[in-house]
Amino acid sequence: MNGTEGPYFYVPMSNATGVVRSPYEYPQYYLAPPWAYACLAAYMFFLILVGFPVNFLTLYVTIEHKKLRTPLNYILLNLAVADLFMVFGGFTTTMYTSLNGYFVFGRLGCNLEGFFATFGGINSLWCLVVLSIERWVVVCKPMSNFRFGENHAIMGVAFTWFMALACTVPPLVGWSRYIPEGMQCSCGIDYYTRAEGFNNESFVIYMFVVHFLTPLFVITFCYGRLVCTVKEAAAQQQESETTQRAEREVTRMVILMFIAYLVCWLPYASVSWWIFTNQGSEFGPIFMTVPAFFAKSSSIYNPVIYICLNKQFRHCMITTLCCGKNPFEEEEGASTTASKTEASSVSSVSPA
(Lines of atoms letter the chains of each structure in order from A and count residues from 1; the text may use other names and numbers.)
(Lines give C-alpha, C1' and ligand atoms only; values in the text may rest on other atoms or scores of the structure.)
Protein backbone atom coordinates (compact mmCIF):
# COMPACT_ATOMS: atom_id res chain seq x y z
CA MET A 1 0.00 0.00 0.00
CA ASN A 2 1.28 3.46 -0.88
CA GLY A 3 -0.52 5.14 2.02
CA THR A 4 -0.89 4.63 5.75
CA GLU A 5 -4.33 3.74 7.10
CA GLY A 6 -5.10 4.23 10.76
CA PRO A 7 -8.14 4.64 13.02
CA TYR A 8 -10.27 7.25 11.23
CA PHE A 9 -7.52 8.57 8.97
CA TYR A 10 -5.60 7.81 5.79
CA VAL A 11 -2.27 9.53 5.17
CA PRO A 12 -1.13 9.41 1.50
CA MET A 13 2.41 8.26 2.37
CA SER A 14 3.88 4.86 3.09
CA ASN A 15 5.04 4.39 6.67
CA ALA A 16 8.05 2.31 5.62
CA THR A 17 10.35 4.92 7.17
CA GLY A 18 8.23 5.24 10.31
CA VAL A 19 7.65 9.00 9.97
CA VAL A 20 3.85 8.94 9.52
CA ARG A 21 1.88 10.14 12.54
CA SER A 22 -1.80 10.60 13.32
CA PRO A 23 -3.13 13.81 11.68
CA TYR A 24 -5.18 14.42 14.83
CA GLU A 25 -2.10 14.61 17.06
CA TYR A 26 1.03 15.63 15.13
CA PRO A 27 2.01 18.22 12.48
CA GLN A 28 2.10 16.70 9.00
CA TYR A 29 5.13 18.59 7.71
CA TYR A 30 6.55 15.38 6.25
CA LEU A 31 3.75 15.62 3.63
CA ALA A 32 4.51 19.20 2.60
CA PRO A 33 6.77 21.98 3.90
CA PRO A 34 5.40 24.48 6.46
CA TRP A 35 5.15 27.23 3.83
CA ALA A 36 2.63 25.09 1.88
CA TYR A 37 0.40 24.94 4.94
CA ALA A 38 0.82 28.68 5.38
CA CYS A 39 -0.34 29.15 1.77
CA LEU A 40 -3.44 27.07 2.50
CA ALA A 41 -4.18 29.20 5.55
CA ALA A 42 -3.72 32.40 3.52
CA TYR A 43 -6.05 31.09 0.81
CA MET A 44 -8.72 30.20 3.36
CA PHE A 45 -8.35 33.66 4.90
CA PHE A 46 -8.93 35.16 1.46
CA LEU A 47 -12.09 33.07 0.98
CA ILE A 48 -13.36 34.17 4.39
CA LEU A 49 -12.45 37.81 3.72
CA VAL A 50 -14.38 37.82 0.44
CA GLY A 51 -17.00 35.12 0.96
CA PHE A 52 -18.46 36.39 4.23
CA PRO A 53 -19.07 40.04 3.22
CA VAL A 54 -20.46 39.17 -0.23
CA ASN A 55 -22.87 36.53 1.05
CA PHE A 56 -23.87 38.51 4.13
CA LEU A 57 -24.47 41.57 1.96
CA THR A 58 -26.69 39.44 -0.26
CA LEU A 59 -28.85 38.52 2.72
CA TYR A 60 -28.95 42.04 4.12
CA VAL A 61 -29.75 43.80 0.83
CA THR A 62 -32.53 41.36 0.00
CA ILE A 63 -34.12 41.79 3.43
CA GLU A 64 -33.66 45.57 3.32
CA HIS A 65 -35.30 46.08 -0.10
CA LYS A 66 -38.88 44.87 -0.35
CA LYS A 67 -38.84 44.65 -4.15
CA LEU A 68 -36.15 41.96 -3.93
CA ARG A 69 -38.33 39.68 -1.79
CA THR A 70 -39.57 37.65 -4.73
CA PRO A 71 -40.10 33.86 -4.81
CA LEU A 72 -37.04 33.35 -7.01
CA ASN A 73 -34.87 35.28 -4.57
CA TYR A 74 -35.78 32.79 -1.84
CA ILE A 75 -33.54 30.36 -3.70
CA LEU A 76 -30.82 32.98 -4.05
CA LEU A 77 -31.01 33.72 -0.32
CA ASN A 78 -30.72 30.02 0.41
CA LEU A 79 -27.67 29.94 -1.84
CA ALA A 80 -26.07 32.67 0.27
CA VAL A 81 -26.94 30.79 3.47
CA ALA A 82 -25.34 27.63 2.06
CA ASP A 83 -22.18 29.57 1.23
CA LEU A 84 -22.09 31.01 4.76
CA PHE A 85 -22.29 27.44 6.09
CA MET A 86 -19.09 26.75 4.17
CA VAL A 87 -17.44 29.95 5.41
CA PHE A 88 -18.21 29.49 9.11
CA GLY A 89 -18.33 25.72 9.38
CA GLY A 90 -15.45 24.88 7.07
CA PHE A 91 -13.19 27.75 6.11
CA THR A 92 -12.50 29.09 9.62
CA THR A 93 -11.64 25.62 10.86
CA THR A 94 -9.42 24.82 7.89
CA MET A 95 -7.55 28.10 8.23
CA TYR A 96 -6.75 27.37 11.89
CA THR A 97 -5.74 23.75 11.29
CA SER A 98 -3.54 24.80 8.34
CA LEU A 99 -1.71 27.24 10.59
CA ASN A 100 -1.00 24.33 12.96
CA GLY A 101 -0.11 21.82 10.24
CA TYR A 102 -2.57 19.14 11.34
CA PHE A 103 -6.22 18.67 12.36
CA VAL A 104 -6.00 19.93 15.93
CA PHE A 105 -9.72 19.55 16.71
CA GLY A 106 -9.67 15.76 16.83
CA ARG A 107 -12.22 13.24 15.63
CA LEU A 108 -15.31 15.21 16.75
CA GLY A 109 -13.99 18.36 15.11
CA CYS A 110 -13.36 16.43 11.90
CA ASN A 111 -16.97 15.24 11.85
CA LEU A 112 -18.29 18.77 12.42
CA GLU A 113 -15.98 20.41 9.86
CA GLY A 114 -16.65 17.72 7.29
CA PHE A 115 -20.40 17.97 7.85
CA PHE A 116 -20.68 21.77 7.63
CA ALA A 117 -18.32 22.17 4.68
CA THR A 118 -19.96 19.34 2.72
CA PHE A 119 -23.46 20.49 3.67
CA GLY A 120 -22.79 24.01 2.41
CA GLY A 121 -21.30 22.75 -0.84
CA ILE A 122 -24.04 20.21 -1.59
CA ASN A 123 -26.82 22.62 -0.58
CA SER A 124 -25.48 25.31 -2.90
CA LEU A 125 -25.12 22.73 -5.69
CA TRP A 126 -28.79 21.75 -5.43
CA CYS A 127 -29.73 25.44 -5.26
CA LEU A 128 -28.18 25.80 -8.70
CA VAL A 129 -30.26 22.84 -9.88
CA VAL A 130 -33.47 24.44 -8.58
CA LEU A 131 -32.53 27.73 -10.24
CA SER A 132 -31.94 26.00 -13.57
CA ILE A 133 -35.30 24.21 -13.34
CA GLU A 134 -37.05 27.49 -12.49
CA ARG A 135 -35.46 29.24 -15.46
CA TRP A 136 -36.43 26.36 -17.76
CA VAL A 137 -40.05 26.33 -16.58
CA VAL A 138 -40.48 30.12 -16.71
CA VAL A 139 -38.71 30.74 -20.02
CA CYS A 140 -39.40 27.58 -22.02
CA LYS A 141 -42.94 27.17 -20.63
CA PRO A 142 -43.29 23.36 -20.76
CA MET A 143 -46.37 23.93 -18.59
CA SER A 144 -48.20 26.86 -20.16
CA ASN A 145 -50.26 27.85 -17.11
CA PHE A 146 -47.49 27.44 -14.55
CA ARG A 147 -46.46 30.45 -12.47
CA PHE A 148 -43.49 30.21 -10.10
CA GLY A 149 -44.81 31.40 -6.74
CA GLU A 150 -43.89 31.56 -3.07
CA ASN A 151 -44.98 27.99 -2.31
CA HIS A 152 -42.84 26.65 -5.15
CA ALA A 153 -39.84 28.61 -3.84
CA ILE A 154 -40.32 27.27 -0.31
CA MET A 155 -40.57 23.73 -1.67
CA GLY A 156 -37.40 24.36 -3.67
CA VAL A 157 -35.53 25.51 -0.56
CA ALA A 158 -36.80 22.52 1.43
CA PHE A 159 -35.67 20.22 -1.39
CA THR A 160 -32.11 21.59 -1.31
CA TRP A 161 -31.90 21.05 2.45
CA PHE A 162 -33.28 17.53 2.15
CA MET A 163 -30.75 16.60 -0.54
CA ALA A 164 -27.87 18.18 1.41
CA LEU A 165 -28.82 16.27 4.57
CA ALA A 166 -29.23 13.07 2.54
CA CYS A 167 -25.58 13.43 1.57
CA THR A 168 -24.02 14.70 4.81
CA VAL A 169 -25.82 12.82 7.60
CA PRO A 170 -25.02 9.20 6.53
CA PRO A 171 -21.25 9.55 7.24
CA LEU A 172 -22.15 10.64 10.78
CA VAL A 173 -24.19 7.50 11.43
CA GLY A 174 -21.96 4.83 9.89
CA TRP A 175 -22.51 4.87 6.12
CA SER A 176 -19.01 6.03 5.14
CA ARG A 177 -17.21 8.53 7.39
CA TYR A 178 -15.42 11.88 7.47
CA ILE A 179 -11.62 11.74 7.62
CA PRO A 180 -8.79 14.27 7.08
CA GLU A 181 -7.90 14.50 3.39
CA GLY A 182 -5.06 15.80 1.26
CA MET A 183 -2.62 17.61 3.51
CA GLN A 184 -4.72 16.49 6.50
CA CYS A 185 -6.00 19.95 7.46
CA SER A 186 -9.60 19.60 6.33
CA CYS A 187 -12.05 16.72 6.42
CA GLY A 188 -14.20 15.13 3.75
CA ILE A 189 -15.85 11.89 2.69
CA ASP A 190 -13.65 8.80 2.84
CA TYR A 191 -12.86 8.03 -0.81
CA TYR A 192 -9.54 6.49 0.16
CA THR A 193 -10.24 3.25 2.02
CA ARG A 194 -12.54 0.29 2.12
CA ALA A 195 -12.59 0.30 5.90
CA GLU A 196 -14.61 -2.60 7.26
CA GLY A 197 -18.05 -1.71 8.57
CA PHE A 198 -18.45 1.64 6.79
CA ASN A 199 -19.59 0.55 3.29
CA ASN A 200 -17.56 3.33 1.67
CA GLU A 201 -17.93 1.78 -1.78
CA SER A 202 -21.72 2.03 -1.93
CA PHE A 203 -21.76 5.54 -0.46
CA VAL A 204 -19.21 6.91 -2.92
CA ILE A 205 -21.18 5.47 -5.85
CA TYR A 206 -24.39 6.93 -4.42
CA MET A 207 -22.80 10.33 -3.91
CA PHE A 208 -21.20 10.40 -7.36
CA VAL A 209 -24.40 9.42 -9.20
CA VAL A 210 -26.98 11.32 -7.15
CA HIS A 211 -25.04 14.39 -6.06
CA PHE A 212 -22.81 14.99 -9.08
CA LEU A 213 -23.96 13.34 -12.30
CA THR A 214 -27.64 14.06 -11.69
CA PRO A 215 -27.14 17.82 -11.05
CA LEU A 216 -24.81 17.95 -14.06
CA PHE A 217 -27.45 16.38 -16.31
CA VAL A 218 -30.30 18.58 -15.02
CA ILE A 219 -28.34 21.84 -15.32
CA THR A 220 -27.10 20.93 -18.80
CA PHE A 221 -30.59 20.04 -20.00
CA CYS A 222 -32.30 23.12 -18.53
CA TYR A 223 -29.78 25.67 -19.76
CA GLY A 224 -29.48 23.93 -23.11
CA ARG A 225 -33.22 24.30 -23.63
CA LEU A 226 -33.02 27.90 -22.38
CA VAL A 227 -30.45 28.85 -25.01
CA CYS A 228 -32.53 27.22 -27.75
CA THR A 229 -35.66 29.09 -26.63
CA VAL A 230 -33.87 32.43 -26.58
CA LYS A 231 -32.48 31.81 -30.07
CA GLU A 232 -35.95 30.96 -31.36
CA ALA A 233 -37.40 34.12 -29.80
CA ALA A 234 -34.64 36.23 -31.34
CA ALA A 235 -35.14 34.63 -34.76
CA GLN A 236 -38.80 35.63 -34.71
CA GLN A 237 -37.92 39.23 -33.86
CA GLN A 238 -34.72 39.74 -35.81
CA GLU A 239 -35.16 43.51 -36.00
CA SER A 240 -35.58 43.88 -32.23
CA GLU A 241 -32.36 45.19 -30.73
CA THR A 242 -33.53 44.51 -27.17
CA THR A 243 -34.23 40.88 -28.02
CA GLN A 244 -30.79 40.42 -29.53
CA ARG A 245 -29.25 42.02 -26.45
CA ALA A 246 -31.30 39.71 -24.23
CA GLU A 247 -30.05 36.69 -26.18
CA ARG A 248 -26.44 37.70 -25.70
CA GLU A 249 -26.97 38.42 -22.00
CA VAL A 250 -28.69 35.14 -21.23
CA THR A 251 -26.19 33.15 -23.28
CA ARG A 252 -23.34 34.79 -21.40
CA MET A 253 -25.00 34.02 -18.07
CA VAL A 254 -25.57 30.39 -19.05
CA ILE A 255 -21.95 29.94 -20.09
CA LEU A 256 -20.70 31.53 -16.86
CA MET A 257 -23.02 29.38 -14.75
CA PHE A 258 -21.95 26.19 -16.47
CA ILE A 259 -18.23 27.02 -16.37
CA ALA A 260 -18.42 27.93 -12.67
CA TYR A 261 -20.17 24.65 -11.94
CA LEU A 262 -17.49 22.67 -13.76
CA VAL A 263 -14.57 24.64 -12.31
CA CYS A 264 -15.88 24.15 -8.79
CA TRP A 265 -16.91 20.52 -8.87
CA LEU A 266 -15.51 18.60 -11.85
CA PRO A 267 -11.87 18.51 -10.63
CA TYR A 268 -12.90 17.42 -7.13
CA ALA A 269 -15.33 14.77 -8.37
CA SER A 270 -12.86 13.45 -10.96
CA VAL A 271 -9.95 13.16 -8.53
CA SER A 272 -12.17 11.60 -5.85
CA TRP A 273 -13.46 9.02 -8.31
CA TRP A 274 -9.93 8.24 -9.53
CA ILE A 275 -8.72 7.72 -5.96
CA PHE A 276 -11.74 5.55 -5.20
CA THR A 277 -11.30 3.35 -8.29
CA ASN A 278 -7.50 3.13 -7.92
CA GLN A 279 -7.12 2.48 -4.22
CA GLY A 280 -3.58 1.44 -3.44
CA SER A 281 -2.14 3.58 -6.24
CA GLU A 282 0.43 6.17 -5.34
CA PHE A 283 -0.63 9.83 -5.15
CA GLY A 284 0.59 12.83 -3.20
CA PRO A 285 -1.29 14.99 -0.69
CA ILE A 286 -1.39 17.96 -3.08
CA PHE A 287 -3.23 15.78 -5.64
CA MET A 288 -6.37 15.84 -3.49
CA THR A 289 -5.84 19.19 -1.78
CA VAL A 290 -5.91 21.38 -4.91
CA PRO A 291 -9.28 20.21 -6.33
CA ALA A 292 -10.83 20.27 -2.86
CA PHE A 293 -9.92 23.93 -2.55
CA PHE A 294 -11.28 24.65 -6.03
CA ALA A 295 -14.63 23.35 -4.78
CA LYS A 296 -14.46 25.60 -1.71
CA SER A 297 -14.07 28.66 -3.93
CA SER A 298 -17.68 28.21 -5.08
CA SER A 299 -18.68 30.35 -2.10
CA ILE A 300 -17.31 33.33 -4.06
CA TYR A 301 -18.41 32.33 -7.57
CA ASN A 302 -22.03 31.81 -6.56
CA PRO A 303 -22.95 35.30 -5.31
CA VAL A 304 -20.95 37.03 -8.05
CA ILE A 305 -22.49 35.12 -10.95
CA TYR A 306 -26.00 34.50 -9.70
CA ILE A 307 -26.63 37.71 -7.80
CA CYS A 308 -24.16 40.52 -8.46
CA LEU A 309 -24.78 40.32 -12.23
CA ASN A 310 -28.48 40.91 -11.58
CA LYS A 311 -29.08 44.57 -12.52
CA GLN A 312 -31.88 45.13 -10.01
CA PHE A 313 -29.90 43.60 -7.16
CA ARG A 314 -26.80 45.57 -8.12
CA HIS A 315 -28.82 48.80 -8.01
CA CYS A 316 -30.19 47.95 -4.54
CA MET A 317 -26.74 46.92 -3.30
CA ILE A 318 -25.14 50.20 -4.41
CA THR A 319 -28.00 52.14 -2.81
CA THR A 320 -27.48 50.28 0.47
CA LEU A 321 -23.70 50.77 0.48
CA CYS A 322 -24.04 54.47 -0.38
CA CYS A 323 -26.48 55.19 2.47
CA GLY A 324 -29.63 55.32 0.37
CA LYS A 325 -28.27 57.09 -2.72
CA ASN A 326 -26.99 55.59 -5.93
CA PRO A 327 -24.28 57.78 -7.52
CA PHE A 328 -24.83 55.85 -10.77
CA GLU A 329 -28.61 56.37 -10.63
CA GLU A 330 -29.07 57.37 -14.26
CA GLU A 331 -26.95 54.55 -15.66
CA GLU A 332 -28.42 51.91 -13.37
CA GLY A 333 -31.93 53.18 -13.97
CA ALA A 334 -31.48 52.96 -17.72
CA SER A 335 -30.07 49.46 -17.38
CA THR A 336 -32.99 48.38 -15.22
CA THR A 337 -35.49 49.79 -17.71
CA ALA A 338 -33.71 48.07 -20.59
CA SER A 339 -33.66 44.85 -18.61
CA LYS A 340 -37.43 45.01 -18.11
CA THR A 341 -37.94 45.67 -21.83
CA GLU A 342 -35.72 42.72 -22.72
CA ALA A 343 -37.53 40.50 -20.27
CA SER A 344 -40.90 41.28 -21.84
CA SER A 345 -39.48 40.64 -25.31
CA VAL A 346 -38.27 37.13 -24.57
CA SER A 347 -40.58 35.97 -21.80
CA SER A 348 -38.49 37.02 -18.84
CA VAL A 349 -35.23 35.43 -19.84
CA SER A 350 -33.05 37.75 -17.78
CA PRO A 351 -30.95 35.96 -15.13
CA ALA A 352 -33.34 36.72 -12.29
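Using N, Cα and C of the backbone, Cβ positions are placed for all residues, glycine too.
Annotated topological domain 'Extracellular' per Swiss-Prot: 1-36, 97-110, 174-202, 275-286, in sequence order, evidence recorded as a curator's inference. The N-linked glycosylation site feature in Swiss-Prot is assigned to ASN2, ASN15; the stated evidence is sequence analysis. Taken from Swiss-Prot, the feature transmembrane segment applies to 37-61, 74-96, 111-133, 153-173, 203-224, 253-274, 287-308, supported by similarity to another entry. According to Swiss-Prot, the topological domain 'Cytoplasmic' annotation covers 62-73, 134-152, 225-252, 309-352, on the basis of a curator's inference. Look at Swiss-Prot and you will find CYS110-CYS187 tagged as disulfide bond. For LYS296, the entry in Swiss-Prot reads N6-(retinylidene)lysine. As annotated by Swiss-Prot, S-palmitoyl cysteine applies to CYS322, CYS323. The region 'Disordered' annotation in Swiss-Prot covers 331-352. What Swiss-Prot lists as compositional bias 'Low complexity' is 334-352.
Mean pLDDT across the topological domain 'Extracellular' (275-286) comes to 84 in this model. Note: the stretches the transmembrane segment (153-173) and the transmembrane segment (287-308) are not in contact (fewer than 3 CB pairs below 8 A, sequence gap of 6 or more). Of the listed recorded positions, namely CYS110, CYS187, CYS322, CYS323, the sparsest CB environment within 10 A is found at CYS323. Here the Cα atom of CYS110 (disulfide bond) is found 42 Å from that of CYS323 (S-palmitoyl cysteine). Residues within less than 8 Å, Cβ to Cβ, of LYS296 (N6-(retinylidene)lysine) and separated from it by at least 6 positions along the same chain comprise MET44, LEU47, MET86, GLY90, PHE91, THR94, ALA117, GLY121. Contact check: the transmembrane segment (37-61) against the transmembrane segment (253-274) gives fewer than three Cβ pairs closer than 8 Å, residues 6 or more apart, which falls short of the contact criterion. For CYS323 (S-palmitoyl cysteine) paired with CYS187 (disulfide bond), the C-alpha to C-alpha distance reads 41 Å. Here the topological domain 'Extracellular' (97-110) has Cβ contacts under 8 Å with residues 8, 23-29, 34, 37-38, 40-41, 44, 178-180, 183-187 of the same chain, all six or more residues outside its ends. Taking a C-beta cut-off of under 8 Å and a sequence gap of six or more, ASN2 (N-linked glycosylation site) has these contacts in its own chain: PRO12, MET13, SER14, GLY280, SER281, GLU282, PHE283. Counting only residues at least six positions away in the same chain, the Cβ atoms of THR4 sit under 8 Å from the Cβ of ASN15 (N-linked glycosylation site).
The CA atom of CYS187 (disulfide bond) is located 40 Å away from the CA atom of CYS322 (S-palmitoyl cysteine). Sequence-remote contacts of a segment are chain residues at least 6 beyond its ends whose Cβ falls under 8 Å from one of its Cβ atoms, and for the topological domain 'Extracellular' (174-202) they are 3, 5, 8-12, 23-24, 28, 31-32, 36-37, 40, 90, 93-94, 97-98, 101-103, 110-111, 113-115, 117-118, 272-273, 275-276, 279, 285-289, 292. Same-chain residues lying 6 or more positions outside the topological domain 'Extracellular' (275-286) and placing a CB less than 8 Å from one of its CB atoms are 1-2, 12-13, 28, 31-32, 36, 182-184, 191-194, 201, 204.
Long-range contacts of the topological domain 'Cytoplasmic' (62-73) within its own chain (CB-CB distance under 8 A, at least 6 residues past either end) are made by residues 131, 134, 148-150, 152-153, 312-313, 316, 319-320, 352. DSSP assignment over the topological domain 'Cytoplasmic' (134-152) gives 10 helix, 0 strand, 9 coil.
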